[in-house]
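Visitor: What follows is a single structure, and I will ask about it in a moment.
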Amino acid sequence: MDIIPPRLKEPAYRIYEMRLRHELVRSKAQLPRHIAVLCDGNRRWARDAGYDDVSIGYRKGAAKIAEMLRWCQAAGIEMATIYLLSTENLQRDPDELTALIEIITDVVEEICAPYNKWSVRTVGDLELLGDEPARRLREAVESTTTKGANFHVNVAVAYGGRQEIVDAVRSLLSKELANGATAEQLIEAVTVDGISENLYTSGQPDPDLVIRTSGEQRLSGFLLWQSAYSEMWFTEAYWPAFRRVDFLRALRDYTARHRRFGK
């Protein structure tokens, strides 16, 4: 039961948000360097809000992405990976999928805008989206630069965690074959480091914290290799309703954990 009167909710959340920020500052705890987010629950948000057109939920969720990235940047986080479209999502209704891909393309172009000064990389198989969306996404990402960027963004589109590992192994073996490796040398080349160096996220730190909205408590194939020792944080909030208060709670919970990395 909601005990806070509607007219007092916004002021109450602002006070709570301020308190969380002060807690993080006072704790002097180490914040995550890299946050990964599964932006889930757009369709359910739209249906619960009474909309028949689920693309309204996608649009609402898209508007939240740049906002959340600015929260990360303001907190001093160096990198964020956002999961926007899985390979499984490509099986959705064609009309819904067309609208979703257009929305994703628009939001990536927004993220890549010069005024953000962010370095952006896509992870996934853009060819699965069709020629025009793939072209627009490549052009947008290529317009960003790592030079002078103090915040880096990965956008997971047409991404599958299992496929990424398969692609990494294939890439590793192809390079070894090109160098004339024997069968025995190929077997020896398949190592943890060798696979890591051929992932879509090669050269980047693994995520310290993985956030998933919508109440679902699973990775759904997201960064399977990279998230081996990531901390997980789940919230019931649908992505369009995800607030800065929720984000700060995730950071607070992260700083209270002791990361053992399997030791």
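The backbone N, Cα and C atoms fix where each Cβ goes, glycine too.
These came from Swiss-Prot, pasted as-is:
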BINDING   ASP40, GLU231  Mg(2+) binding site
ACT_SITE  ASP40  active site
BINDING   GLY41, ASN42, ARG43, ARG44, TRP45, SER86, THR87, GLU88, ARG92, ARG212, ARG218, LEU219, SER220  substrate binding site
SITE      LEU84  site 'Important for determining product length'
ACT_SITE  ASN89  active site, proton acceptor
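Looking at the shown structure, can you explain where the listed features end up?
Guide: According to its DSSP assignment, GLU231 (Mg(2+) binding site) is in a strand. Around GLU231 (Mg(2+) binding site), a 10 Å sphere centred on its CB holds 17 further CB atoms from the protein chains shown.
Listed in sequence order, ARG212, THR213, SER214, GLU216, TYR238, TRP239 are the same-chain residues six or more apart from ASP40 (Mg(2+) binding site) with CB atoms under 8 A from its CB.
Secondary structure from DSSP puts ARG218 (substrate binding site) in coil. Residue environment of ARG218 (substrate binding site) contains 10 other Cβ atoms, counted within 10 Å of its Cβ in all protein chains.
If you take the C-beta of LEU84 (site 'Important for determining product length') and look for same-chain residues 6 or more apart in sequence within under 8 angstroms, you find CYS39, ILE65, ILE104, VAL107, VAL155, ALA156, VAL157.
Following the DSSP three-state reduction, the secondary structure of ASN89 (active site, proton acceptor) is helix. For ASN89 (active site, proton acceptor), applying a Cβ distance below 8 Å and a minimum sequence separation of six or more within one chain yields LEU97, LEU100.
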Visitor: Taking the binding-site residues one at a time (THR87, SER220), which has its Cβ surrounded by the most other Cβ atoms within 10 Å?
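Guide: When each Cβ's neighbours within 10 Å are tallied, THR87 leads.
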Visitor: Counting other CB atoms within 10 A of each CB, which of the binding-site residues GLY41, ARG43, TRP45, ARG92 comes out lowest?
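Guide: Result for the binding-site residues GLY41, ARG43, TRP45, ARG92: minimum number of other Cβ atoms within 10 Å at ARG92.
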Visitor: Taking only the residues the record lists as binding substrate, namely GLY41, ASN42, ARG43, ARG44, TRP45, SER86, THR87, GLU88, ARG92, ARG212, ARG218, LEU219, SER220, what is the largest Cα to Cα distance between any two of them, in Å to the nearest whole number?
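Guide: Greatest Cα separation within the listed binding residues comes to 22 Å.
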